[in-house]
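A.B. asks: Before we start, here is the structure in question, set down as structure tokens.
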């Protein structure tokens with residue numbers, strides 16, 4: 001094994017490699033040829049192995065990520081039925097005009113936006129506050145961090161089913177508590193606003209702790225002397241938070257906002273399970289039907305895969321717009337700091 | 001050989017060493033007061049309450065859940081309900097299936113992400129920057145948007161109700177590549193690779209004897225994160241697997257809620273069973289998982 005190592009040493013660093021015979025002693029012709037072959041192999045290895053290392057990821061990505069995404073766009077221009085997913089008839093942009101004419105599409109878009117706001121904004125604000133507290137010197141800090149990750153370990157299905165019970169109109173824990181304090185019962189399933197709040201609360205519950213940890217990590221990376229000099233300038237704790245913590249956290253805040261926005265645009269399981277009987281329609285009056293649910297309804301309940309593809313592609317275009325906005329904002333941020 | 005095996009072990013501590021004082025410093029400027037503890041305790045209760053109540057509801061029966069006030073403490077029906085939910089929802093098969101799917105998927109992702117992350121972190125090659133940008137861009141595109149062609153593929157291959165239909169699409173993890181790259185940039189000293197190169201080690205040898213040992217802590221965390229993610233994945237398994245065919249736990253549990261059994265306490269028992277394995281993992285490895293999430297977050 002050791003001999004092989006000596007021979008295969010890189011020729012570029014050959015002079016420095018210890019223990020190899022000096023050229024002056026005159027290696028035989030065969031020896032030289034063998035060394036040349038090995039060094040060619042060495043070069044090939046250096047040159048191509050990086051591609052070999054990254055290619056499995058990209059092959060999988062092409063097959064199960066990029067290709068399906070682009071093919072969704074192609075399928076959106078066809079009529080495709082769920083019962084025969086391989087039969088495609090060209091219909092041009094008709095799928096798009098159909099969904100844009102459908103009031104339930106706009107309803108779903110509106111619901112997605114509202115649920116997105118109701119779930120993302122309080123979630124990130126709370127996460128920020130919790131992270132700030134976790135950044136204090138605390139006893140048993142690891143315990144709190146693990147505990148607030150427990151919702152993250154809970155699946156959408158399990159979480160949604162519990163919340164359905166907790167939000168039950170007649171026997172739910174939440175209405176019971178509201179009744180006790182004299183607010184009265186809320187119809188969490190049928191009321192247009194309350195149902196959106198209820199669905200959002202599932203999302204908030206699952207993700208706040210996770211985001212708090214991400215903020216905490218960013219807070220711990222802020223150099224201590226920034227706080228010290230702010231304290232010397234007479235800044236209060238609150239002012240330190242406003243003028244030191246928040247500005248340093250800007251990239252992280254943007255990152256979590258983007259990730260949460262993408263997540264919010266895809267919400268599916270929570271509203272699907274929130275009304276088990278209505279399923280894909282998202283409530284009796286579609287009051288909490290999201291775009292994800294609308295896609296599922298068109299594709300798998302009404303069996304129009306082409307139309308579902310048009311919805312998916314529309315969602316993709318919306319995300320691209322969000323991505324561009326994000327890029328512009330982050331460039332501004334970088335320019336200003 | 002002994003040197004290449006021990007050196008990566010030395011390589012890991014600097015990360016941890018640099019984390020410790022940083023954490024102490026950042027937290028060091030203020031002690032948490034009683035209000036801080038009060039908020040944390042409240043928040044912890046909020047995080048745990050739905051889970052505890054799942055168990056409480058699972059220990060009652062359907063009649064008790066249709067009364068006010070709702071139960072606040074455990075009843076005596078827990079094991080009966082767990083037993084019935086286990087059989088009704090096909091949970092035994094679902095557990096085997098999900099463990100297999102999540103295990104294969106996590107192991108594959110960890111392996112592929114480590115070698116790709118290593119290449120992006122430590123090797124020079126043409127197109128590295130552009131390809132890395134592509135990886136980051138991929139993270140921003142939710143996989144849900146691709147379900148229709150994937151569904152067509154599955155239909156064409158006749159993979160409905162078969163586990164490979166769930167496994168293959170789950171193997172794409174740009175996050176994993178990014179995560180391993182971030183870790184290896186700091187945890188793997190360049191000198192170590194160079195030294196191995198001097199000894200004439202090929203790239204694969206470097207990966208086996210230097211990268212894998214050095215990346216072990218991050219690989220473990222990534223593996224757990226990916227296991228959790230695949231275990232909890234809902235939409236795609238829901239589309240291609242059926243409750244009676246070859247369900248994952250999520251498909252089976254969701255089936256309980258969708259009128260298959262109208263008994264609420266049974267539904268809660270199913271939800272509890274589906275969640276317990278992951279809660280157990282978090283209880284044991286919580287510290288490492290927290291560390292991993294926070295490590296992946298910096299520079300995110």
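A Cβ is built for glycine as well, from the same backbone N, Cα and C atoms used for every other residue.
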A.B. asks: Of B:206-228, B:229-251, which span is tagged transmembrane segment by TrEMBL?
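C.D. replies: Based on what TrEMBL states, transmembrane segment spans B:206-228.
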A.B. asks: According to TrEMBL, transmembrane segment applies to one of these ranges: B:35-56, B:57-78. Which one is it?
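C.D. replies: Checked against TrEMBL: transmembrane segment maps to B:35-56.
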A.B. asks: Please figure out which one of B:35-56, B:100-121, B:133-154, B:166-185, B:266-285 racks up the most CB pairs under 8 Å against the transmembrane segment (B:206-228).
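C.D. replies: Selected stretch: B:100-121, with the most Cβ pairs under 8 Å.
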A.B. asks: Mind pulling out the one from B:35-56, B:100-121, B:133-154 with the most Cβ pairs under 8 angstroms to the transmembrane segment (B:166-185)?
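C.D. replies: Per the Cβ count, the answer is B:100-121.
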A.B. asks: Please indicate, using numbers and ranges, the residues of the same chain that are 6 or more beyond the transmembrane segment (B:35-56) and have a C-beta under 8 Å from a C-beta there.
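C.D. replies: Sequence-remote neighbours of the transmembrane segment (B:35-56) are 71-75, 78, 268, 271-272, 275, 279.
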